[in-house]
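Undergrad: Have a look at this one before I ask anything.
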Amino acid sequence: MDVSYLLDSLNDKQREAVAAPRSNLLVLAGAGSGKTRVLVHRIAWLMSVENCSPYSIMAVTFTNKAAAEMRHRIGQLMGTSQGGMWVGTFHGLAHRLLRAHHMDANLPQDFQILDSEDQLRLLKRLIKAMNLDEKQWPPRQAMWYINSQKDEGLRPHHIQSYGNPVEQTWQKVYQAYQEACDRAGLVDFAELLLRAHELWLNKPHILQHYRERFTNILVDEFQDTNNIQYAWIRLLAGDTGKVMIVGDDDQSIYGWRGAQVENIQRFLNDFPGAETIRLEQNYRSTSNILSAANALIENNNGRLGKKLWTDGADGEPISLYCAFNELDEARFVVNRIKTWQDNGGALAECAILYRSNAQSRVLEEALLQASMPYRIYGGMRFFERQEIKDALSYLRLIANRNDDAAFERVVNTPTRGIGDRTLDVVRQTSRDRQLTLWQACRELLQEKALAGRAASALQRFMELIDALAQETADMPLHVQTDRVIKDSGLRTMYEQEKGEKGQTRIENLEELVTATRQFSYNEEDEDLMPLQAFLSHAALEAGEGQADTWQDAVQLMTLHSAKGLEFPQVFIVGMEEGMFPSQMSLDEGGRLEEERRLAYVGVTRAMQKLTLTYAETRRLYGKEVYHRPSRFIGELPEECVEEVRLRATVSRPVSHQRMGTPMVENDSGYKLGQRVRHAKFGEGTIVNMEGSGEHSRLQVAFQGQGIKWLVAAYARLESV
């Protein structure tokens with residue numbers, strides 16, 4: 001039988017992996033080394049050469065998209081339908097298993113999957129029913145606790161509290177939650193895996209059936225597996241199943257959600273005699289980019305070891321740009337993308353990667369100013385994020401009590417005991433009397449028409465809004481915003497949300513404070529109060545909408561979201577200590593190596609051109625900070641990196657200019673370094689200029705007001 005079509009398009013190491021004998025196998029697949037192709041061709045090899053039935057093959061991926069692509073490529077390669085093969089995610093395959101054996105798993109036939117939002121709502125009700133203070137026992141923290149225990153394979157009765165009252169309370173919440181789910185026939189995502197694992201443990205005949213069936217098991221992205229997923233595969237394989245895992249210890253970046261890079265080493269220990277094949281030839285990046293990636297990751301300890309290489313060109317050196325602040329950084333990136341576009345490149349070929357979602361705001365504004373369409377990959381635009389919309393709704397209600405949409409969003413956020421029944425009365429009164437919701441509340445309270453506890457909670461909420469409006473009216477906008485975020489309870493609510501997600505929400509709220517501080521009026525906003533002008537600005541930015549899916553657009557995403565993707569031109573911004581690596585990774589032991597792996601992932605996304613940027617000073621989370629350049633920059637080979645020098649037309653703050661540097665002047669009549677006075681913002685120094693004539697724009701560093709961009713024709717600046 002001619003099987004050359006399975007091997008001809010592969011390199012030597014890929015062929016070795018595809019045609020390996022049926023035994024346990026680790027394929028250590030470097031970034032861009034063609035691992036999906038190897039998996040697909042291996043499955044085809046098993047069927048065509050080893051005469052394995054599709055019925056005997058299970059292939060596990062981490063996303064539904066990857067599973068669909070694998071099925072499609074197998075079908076294309078084999079030319080026939082592969083019925084009987086199981087290809088899917090861990091959760092998808094566990095769900096399929098539980099549907100087939102629902103009675104043995106003690107589930108009703110029509111059991112339903114509980115998504116994360118439904119899970120959170122159920123926990124809120126249970127915590128309230130248990131008479132627990134939601135502030136002390138946040139539902140989000142309960143959800144994190146329960147999911148973490150399930151990922152470790154633990155039921156409430158397995159957990160050792162050692163007399164710790166906090167642990168005992170969470171244990172009771174977990175128990176009550178599980179009982180509620182069982183009564184209602186509900187299964188959350190973590191439960192799918194745990195219940196399927198328990199099914200096999202408790203019903204040996206079912207386990208034996210699947211062991212005899214699935215004698216060929218293939219698992220992708222093995223470095224991202226958690227404890228229960230590893231146990232699942234280990235149990236299914238038994239002593240006779242043949243397992244091929246594909247992974248890269250250098251790309252393990254999900255430790256914060258339970259992934260265990262150690263599972264690759266566990267596999268080698270638990271499956272004695274397993275062979276290891278390294279895929280090191282890269283088909284994505286230039287030699288310079290790969291040299292940088294190799295040098296970077298070599299600083300990690302305990303690696304299984306591999307070195308990426310390519311037979312392609314050296315390519316351009318990596319560009320390194322030192323910006324004087326985050327605004328300069330954003331403009332530099334946008335200008336580079338514009339040059340790429342002018343030279344015939346597509347916007348969609350450019351990706352901007354950042355460590356924290358909060359960094360996207362300044363980049364989004366720079367792209368909007370340049371009329372450059374963009375898309376946030378795997379996330380929402382800054383002003384569309386939940387925590388930002390919450391904060392803006394408070395500000396909107398302070399500015400206008402009759403804003404019904406804002407009222408609806410925040411009246412019970414954070415939870416303050418105003419239930420749906422009370423709000424239904426308010427809504428009905430609003431409709432019947434043709435009042436706004438705020439007015440309806442006022443009348444119902446005056447008439448004493450609401451129940452005692454609900455009336456008290458509603459009264460306190462209205463007093464809070466009135467007090468914030470009165471007490472913050474004369475504050476600078478950024479101080480007012482910060483005060484509202486704190487006094488509303490939003491900051492406390494999100495501080496109680498465990499893990500990186502909660503930290504990200506806090507960072508975004510602090511970045512909103514920065515946005516209000518940097519906000520400057522447009523000409524059409526001159527007659528508005530600062531808060532009203534900013535709310536208009538925020539609404540317009542949110543209303544811009546993301547680029548249509550068919551539209552050529554710059555791609556913005558976190559480094560985590562970038563995994564598995566590739567782009568001809570990549571920018572990694574915010575390469576500073578405390579930004580990347582993150583402050584959390586510096587504060588917590590054992591996190592730095594995962595940050596370096598994340599940097600490695602970012603670098604290896606670039607195909608042709610990689611640019612790294614850092615800022616000397618950055619207004620971050622409401623305050624000015626000075627960070628050292630990231631240690632990751634210093635770990636790159638000097639011969640691979642080229643520092644971008646500032647042109648004469650790009651200015652740095654006066655404090656950073658060398659003595660004797662001539663001032664730059666444009667036809668607006670203003671000069672760099674010139675001291676000026678603005679009627680609203682006070683005195684400041686011109687630190688940058690762009691455009692000419694009536695379109696000239698000035699960047700002015702104002703004392704106590706921060707750095708602002710102004711249109712020269714409308715700014716009415718006086719020379720000091």
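In case you wondered, yes, glycine gets a Cβ from its N, Cα and C as well.
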Undergrad: With G32, S33, G34, K35, T36, R37 listed by Swiss-Prot as ATP-binding, which of these, R278, R284, R303, R331, is given for the same site?
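TA: For the ATP site that includes G32, S33, G34, K35, T36, R37, Swiss-Prot also lists R284.
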Undergrad: Quick one: which residues besides G32, S33, G34, K35, T36, R37, R284 have a Cβ within 8 Å of the ATP site's Cβ centroid, in sequence order?
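TA: Output for this site, in sequence order: A29, V38, L279, Y283.
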Undergrad: When neighbour density is defined as the number of other C-beta atoms within 10 angstroms of a residue's C-beta, which of the binding-site residues K35, R37, R284 has the lowest density?
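TA: R37, out of the binding-site residues K35, R37, R284, has the fewest neighbouring Cβ atoms within 10 Å.
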Undergrad: Mean pLDDT over the domain 'UvrD-like helicase ATP-binding' (8-286): what is the value?
TA: 92
Undergrad: Among G32, S33, G34, K35, T36, R37, R284, listed as contacts of ATP, what is the widest Cα spread in Å, to the nearest whole number?
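TA: So the maximum pairwise Cα distance among the ATP binders is 14 Å.
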Undergrad: Would you identify the secondary structure of R37 (ATP binding site) according to DSSP, in three states?
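TA: Where R37 (ATP binding site) sits, the three-state DSSP reduction gives helix.
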Undergrad: Which is it, of S33, T36: the one of these binding-site residues whose Cβ has the most other Cβ atoms within 10 Å?
TA: S33
Undergrad: Any same-chain residues 6+ apart from G34 (ATP binding site) with CB under 8 Å of its CB? Would you list them in sequence order, or say none?
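TA: G34 (ATP binding site) has long-range Cβ partners L10, N11, Q14, L279, Y283.
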